[in-house]
Every structure is written in structure tokens, then in C-alpha cells.
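Listed in TrEMBL for this protein:
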type	residues	note
COMPBIAS	352-364	compositional bias 'Acidic residues'
DOMAIN	15-309	domain 'Sugar phosphate transporter'
REGION	325-364	region 'Disordered'
TRANSMEM	12-32	transmembrane segment
TRANSMEM	38-59	transmembrane segment
TRANSMEM	103-128	transmembrane segment
TRANSMEM	135-153	transmembrane segment
TRANSMEM	159-179	transmembrane segment
TRANSMEM	199-216	transmembrane segment
TRANSMEM	236-255	transmembrane segment
TRANSMEM	267-288	transmembrane segment
TRANSMEM	294-317	transmembrane segment
Amino acid sequence: MACPVQFLCRGLRTVGLVLLYYVFSIGITFYNKWLMKGFHYPLFMTLVHLTIIFCLSALTRQAVQWWTGKPRVTLRWKEYLRKVAPTAIATALDIGLSNWSFLFITISLYTMTKSSAVLFILFFSLVFKLEEPNPFLILVVLLISCGLFMFTFESTQFNLEGFILVLLASFIGGIRWTLTQVLMQKAELGLQNPIDAMYHLQPLMFLGLFPLFLFNEGLSLSTSEKLFRVTELSPLLYSLFTLSIGGLLAFGLGFSEFLLVSRTSSLTLSISGIFKEVCTLLLAAFLMGDKMSMLNWLGFAVCLCGISLHVGLKTYYTKNKGPSLRQLKSKSPELELPLLQRNGNESKDSATDECDDEEEITLH
């Protein structure tokens, strides 16, 4: 009787974590699009979000350190600038350009174009020798490329400037996630815990994006009535409040992804991401009035087939490979928050069973 109950509890837990991930992931997409309708400073918005994420990460690290009594990892300046800076700059540009594109394009076009990041991740994974050459990868590339072409072909809401921004963000995103995998697989750095990774990445992300903000938005923002030339206090407080919501959503997204992977598997996150794309497009058509032809929907389906094939291939090949990222040892051995750890003998008895069910942590 214990097995069905345990299976049901695990299923309910997985569904709950997936729904939590959907709330933050879909929520921040629609939030960014909504905010850009009245606040045309996406890079400044991104800088505010980075600041909030850093503060929340620092508070979380302090809370975990107080709870466990173990010091959190803090990198030396030489390692920090040499090994973390490239990942931070690529991440900042990816997020900044993605948010910038919301000034020009619809959510549906953004979602579809952003899916092409898989192509660039595959490319840079091959360059950095993180991925082994495979003939099936050609089929993945063809499916995603053809799907993207069909989706954008004769689209009534197509915007070239926004499309280029998202495509450039996807290209940089390929570099970003490849460097992130390299960074998190360096066990000597101790950044396997995403809370520690976010804490170390945000300052350099801020510094990397700040020059682009000054060049593109600095002058216009300094003379805007949204922030620096307000005549009443209430509009200023409203702007700060709406910007803060995005920071909370961004932190919640990273934290929910961590929870989903750590308590289930990376395969669950990958499959959830595929269905999340479908939910996002349906909501965009229903709530935002995005118009999509039958050819556009067919292109989206072809692209999803390519992404699904990639996920399936990753799952198949990782089962026949060596140790996963989860098995790497770091200076900071606890990779989960103490409130999520099981107590007593239950943790010891179930650890082996859960490890058999979970796949290695990979890129999505």
C-alpha cells in the first residue's frame, strides 16, 4: 500500500513543481510584453531585475548558511573575473536583447524565434566538445530551421527589427548556455547550486549590460517623466513597483527551475518546456490577440518535433554515458536547500531509488 501512495505523492509533487515553473516562466513573458507597452526602457528594466535577483540570492545564501552552519562558496577575484565573466556577459546580452525585442514583436513570434536557441546551443556544444557529433543532429537542425521559416513566412505581425533582436539573443543564448554548462561542471568552483551561480553572475551581468544601457537609453531615461522628471510621487512609486514585480518573477523562475530539476529530473524540465511553448502561444492568441495562420501553426509543430527529437536523443545517449553533473563533488556538498532535504532514514532509503529515476542535468 505504501508504493501506490508514494507514487501518488511523487506525481502530485511533480505536477505542483511544473505548475510553479509555468507560473513564473509564462508570467514573466507576458509581464515583459505588458510592461513594454508603457515603459519603453527594456535595458533599464533588465538592470533593475538583475539588482533584485542579486539581493534575493544574497539573502537566500545567508539564510542557508545560517540554517546549515556551513559557509557558502565565494570565488576569489582572479577566478571570478577569468571564469565567470564570459558567462555573465553572454547571459546579460541574451536577457537584455530578448527584453528589448518586446518593443517590436508579438509574444508568439518571440516564443517561436527563441526556440531556435537549441540550434545555437548544439553548434557551440560541438565547438566546445560538450556534444558528440551525431547524424540525427542534422535532422534536428533541419526540423527547427524549417519550422522557424514556416512560422515567419508571410506572417501578418512580422517585424524585422524585433526578429533580428531575438535571433541575435538566441545566438548569444547558445554561447550563454554552453558557457554555463562549462562553468557549472567545474566542480572546483562550487557553483553547482544555482543560488550561488546567480549570486556570482548578477554583478558582472549588470556591469556588462550597463554600457549598452547608457548608449541606448541613458539620455532618454534621464529626461523621462517615468522616473527622473516626475511631478508627483505616485507615478514614480508605481513604476518602481511594476519593475520590482519583474525582478521577483525572474528570481522565482530560476528558483523554480532549480526545484524542478533537483526534485525530478532534467528530462521533466525539457518536456515541460515543450508544453510551455504550446501554452504560451495559445495564451498569446487568446489574451494578446496574436494572429497565426495555419502555416504558422504547422511551422510551430515542425519546430516542436525537432526540439522533441533533441530531448529524446539527449535522454537516450545520457543513459549510456559516464557520470553526470549530479555526481560531481564540489566544495559545497549540499546542492539542495535544507528545507527541501528529507530527514532521518527516509532520505537515506529513498536517495538510491530517486537517483535511478533522474537523468543527468543538461542544457535546455
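Keep in mind that glycine also has a Cβ here, set from the backbone N, Cα and C atoms.
All TrEMBL annotations are machine predictions without curation.
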Same-chain residue ranges lying at least 6 outside the transmembrane segment (103-128) that approach it to Cβ under 8 Å: 29-30, 33, 36, 40, 42, 137, 140-141, 144-145, 147-148, 151-152, 155, 157-159, 161-163, 165-167, 169-171, 173-175, 177-178, 181-182, 277, 280-281, 283-285, 288, 290, 292, 296, 299-300, 303, 306-307, 310, 363
Tertiary contacts of the transmembrane segment (236-255) (same chain, 6+ residues out, Cβ under 8 Å): 21, 23-25, 27-28, 31-32, 35, 39, 45, 48-49, 51-53, 56-57, 194-195, 198, 226-227, 230
Which of 12-32, 38-59, 159-179, 267-288, 294-317 contacts the transmembrane segment (135-153) most, counting Cβ pairs under 8 Å: 294-317
Segment-segment contact (the transmembrane segment (199-216); the transmembrane segment (38-59)) at 3 or more Cβ pairs under 8 Å: yes
PLDDT averaged over every residue in the domain 'Sugar phosphate transporter' (15-309): 82
Proximity of the transmembrane segment (267-288) to the transmembrane segment (38-59), 3+ C-beta pairs under 8 angstroms: no
